[in-house]
Amino acid sequence: MKKKVEHGALLQHNGTITCLEFYGTAHLLSGAEDGLICIWNTKRWECLKSIKAHKGQVTSLSIHPSGKLALSVGTDKTLRTWNLVEGRSAFIKNLKQNAHIIKWSPDGERYVTVITNKVDIYKLDTASITGTITTEKRISSLRFITDSVLAIAGDDEIIRFYSCDSQKCLCEFKAHENRIKDIYSFEREGQHVIVTASSDGYIKMWNLDLNKIKDVPSLLCEVSTKARLTCLAVWLDQASEMKENSEKAATSSQANEDEKLSTVKKKKGCLTDKSDKTAERKRKITPKKQKLEVPLQKKKKKRNSSA
């Protein structure tokens, strides 16, 4: 991304790729219309394993924060849990309809499935539905803002924040002039940012105050791509962020050192008693003189003892 150089293409699937998700910087999972889920090593770009995941198409997948589990949904009306350590199926749940989105919460304690305009919230330990959120329009994108707050966008220009616990709408605001196709969120320098892409061709960035979740987010910036956008990916330059953080740390540590030095200098300037003057005189004595003084003192002691 830094050099904007294309690595090449990964040719393993037969049919359109429907979903992609990275885990860390070493692995990538892909799902496609051929019903396969492929696990890729991103260092050597080789396919480590190819799993026949669904009888129909794979519509969405999500990796657990631990990296040990993955969930997938497909056009065979099933929700499947995958053991990524052993690369095998762990659990299959039949759904009444085809789900087109599945997502883990950041803490991995719950997950959600989206079927047309309905969000079902599941608890990990029981694998049962704890609540359902229903919207007027078909849901096109969904994002966990926190472990318990969801940002939902549908086939309209409005973004809504919902509580997973109460399933109530906390806030809604008009973000675009046309339907919103995708949402992304990230936190940087203590600022929570939401990025939205719409069919109107605009990409917008919003500042969200988590302490005032019921308040409408403020618009940070926007850009018109003059294209009909269908999806969105955000690349964060981790290296520059680390550099910024290290520079800040270095600046703050330097400021602390300077403060300590100035404090020490002030203290030294305030000392005027006799002991300090004596110490000052001692510092003025050269090492040679100090060496000479020691044997002279010894000779004096000997004379006194002999007397």
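Placed from the backbone N, Cα and C atoms, the Cβ positions cover glycine too.
Summarising the annotation, TrEMBL assigns repeat 'WD' to 10-50, 51-92, 173-209. Annotation source TrEMBL lists region 'Disordered' at 245-307. Residues or ranges marked as compositional bias 'Basic and acidic residues' in TrEMBL: 270-279. Under the heading compositional bias 'Basic residues', TrEMBL lists 280-289, 297-307.
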With the cut-off at Cβ under 8 Å and a gap of six or more residues from its ends, the chain residues touching the repeat 'WD' (51-92) are 15, 18-19, 21, 23-24, 27, 29, 31-39, 98-104, 106-108, 111, 113, 127
Looking only at the repeat 'WD' (10-50), how are its residues distributed among DSSP helix, strand and coil? 0 helix, 24 strand, 17 coil
